[in-house]
Amino acid sequence: MAETGIYVPDSERTGTTKGLFFIWFANNIGILGIVMGAMITSFGLNLVQSLVAACVAALSFAIVGVIGMIGHRTGVTTFILSRAAFGIKGNIIPNFVAWLNLVGWLCVNVVTGTLIISAVFKNIIGQEGSIITIISLAIFTSLVLLSGTIKPDKLEKVQTWLTYVFGGLTLLILILLVRDVDWQGVLAIPQGSWTYGFLPAVSIIAAGTGINWAIAGADYGAYQRKDIQSSKVFLSTTFGAFIPLFLILFAGILVGTVSPDLSSSANPMTVIQDALPSWISTIYLITAVGGIIPQCIVSLQSAKMNLDALNINVSEKNSLIFHGVLMVGLPLYVLFFSTSFLDTFQLFLGLLGILLASWSAVFLIDYVLNRKHQGYDTDLMTIDGPNKVRMPAVASWFVGVLVGFLFTNTGFFDGPFAKGVFRDNSLGVLIAMLVSGVLMVVLNGLSRRENK
């Protein structure tokens with residue numbers, strides 16, 4: 001950051017739209033996207049409905065694209081921009097939730113990566129057990145922490161390389177998975193309910209993809225060269241994510257017709273492995289690890305930026321040590337002491353998605369109504385500035401979150417309205433966004449009248 005702690009220095013704004021495209025492309029080549037595709041079919045949709053649902057859900061990355069475009073125009077990362085909308089103090093809770101979400105899913109991915117590397121060892125040397133698990137954890141966390149030393153201007157090159165290597169392997173896996181698809185049977189699946197099938201399917205995938213990553217949009221847009229058109233930043237971000245995600249969801253939809261138990265399996269990675277020829281088993285596992293690492297890279301980089309936005313200024317070294325302790329500590333607990341904790345923790349992270357969805361709605365409405373034409377005033381983003389709490393944004397966010405919870409059910413929380421079409425899906429996330437967005441329009445208008 002520059003001396004003000006707000007703007008990315010011009011000397012660091014060296015990113016290209018091609019590189020940005022590959023940052024988000026690599027972030028969405030994970031094999032687990034196949035499971036999300038299979039989830040779409042589990043809602044009883046036919047092929048056309050499933051493809052439309054996959055397309056709409058993948059286009060949720062347009063939210064990330066818009067926020068990335070704002071980051072490019074201003075040269076400011078996501079949650080420093082958010083200070084203008086929420087106020088310095090009003091921004092603290094959404095900012096902390098975003099950091100917690102990034103680190104939480106990072107830890108979950110470390111657990112997954114460790115288990116996959118352990119499976120690779122079992123395939124190659126026939127060994128498993130606690131020692132192998134510890135070695136696997138050390139390997140995966142070392143790879144992720146090493147990525148944390150990558151400067152933003154080098155990140156594009158790394159993600160581009162990961163895209164070519166693991167994207168190519170992922171494509172090979174997808175081809176092998178869909179080769180046995182019964183196309184006649186797939187095309188014969190009857191049309192499902194647009195209300196009780198299509199909408200819940202879209203909500204689950206969108207909540208776990210574009211809406212979840214909205215918090216990182218400006219973190220990478222801000223590092224793009226100033227002479228680049230902002231519209232190209234939007235397109236590179238949106239379609240860099242959309243293309244691989246849609247293709248993998250499409251493959252998952254087809255695989256879901258062959259292996260209907262995939263989406264509900266306790267270990268979907270094994271189900272996918274069993275559907276592949278035995279000769280490619282190890283390559284598949286390595287590909288699965290390679291698909292997780294880019295997500296970890298983006299999460300770790302943005303987590304550091306979130307600490308900066310919280311005015312927790314630590315060196316790169318101390319940030320890596322701090323996040324490294326979390327990345328090792330939680331997975332160790334899950335792997336050796338309480339495997340059931342992971343499910344509960346993932347449910348908790350899912351609830352955080354409601355808070356972040358409401359934040360994105362408020363942030364975008366604030367941009368359209370207050371910042372698009374007049375820009376972001378530096379004083380509004382300065383820690384010692386006068387902008388402490390902006391009630392229209394904070395109130396809109398809080399009410400949207402509350403309403404979203406009312407329409408949400410999990411293993412340890414059931415909202416009173418989480419029934420019928422709202423049960424066992426993420427429609428509560430979309431409702432939270434809608435309520436927060438509409439309320440922000442109303443309260444922002446009232447606030448303007450009072451200030452005249």
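Note: Cβ is positioned from N, Cα and C throughout, glycine not excepted.
Whatever TrEMBL says is automated annotation, not expert-curated.
Here is what TrEMBL says about this protein:
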type	residues	note
TRANSMEM	21-45	transmembrane segment
TRANSMEM	51-71	transmembrane segment
TRANSMEM	92-117	transmembrane segment
TRANSMEM	129-149	transmembrane segment
TRANSMEM	161-178	transmembrane segment
TRANSMEM	198-221	transmembrane segment
TRANSMEM	233-258	transmembrane segment
TRANSMEM	278-300	transmembrane segment
TRANSMEM	320-341	transmembrane segment
TRANSMEM	347-369	transmembrane segment
TRANSMEM	389-407	transmembrane segment
TRANSMEM	427-446	transmembrane segment
Highest-contact recorded stretch vs the transmembrane segment (347-369), from 161-178, 198-221, 320-341, 427-446, CB pairs under 8 Å: 427-446
Interface check, the transmembrane segment (198-221) with the transmembrane segment (129-149), three or more C-beta pairs under 8 A: no
Cβ contacts under 8 Å made by the transmembrane segment (161-178) with residues that lie 6+ beyond its boundaries: 22, 25-26, 29, 31, 34, 244, 247-248, 251, 254-255, 272, 275-277, 280, 283-284, 286-287, 290-291, 293-294
Contact between the transmembrane segment (389-407) and the transmembrane segment (320-341) (at least 3 Cβ pairs under 8 Å, separation 6+): no
Interface-richest range of 51-71, 92-117, 129-149, 320-341 toward the transmembrane segment (278-300), CB pairs under 8 Å: 92-117
Residue numbers, six or more beyond the limits of the transmembrane segment (92-117), whose CB comes under 8 Å of its CB atoms: 32, 78-79, 82, 86, 133, 136-137, 139-141, 144, 212, 215-216, 269, 285, 288-289, 292-293, 295-296, 299-300, 302-303, 306-307, 309-310, 323, 326-328, 330-331, 334-335, 342, 345-346, 348-349, 352-353, 355-356, 359, 397
Long-range neighbours of the transmembrane segment (21-45), counting only residues six or more past its ends (CB under 8 A): 53-54, 61, 64, 112, 155-156, 159-160, 162-163, 166-167, 170, 173-174, 177, 189, 191-193, 196-198, 200-201, 204-205, 208-209, 213, 220, 236-237, 239-241, 243-245, 248-257, 259-260, 262-264, 268-269, 272, 284, 287-288, 290-292, 294-295, 298
Top Cβ-contact partner of the transmembrane segment (129-149) among 51-71, 233-258, 320-341 (pairs under 8 Å): 320-341
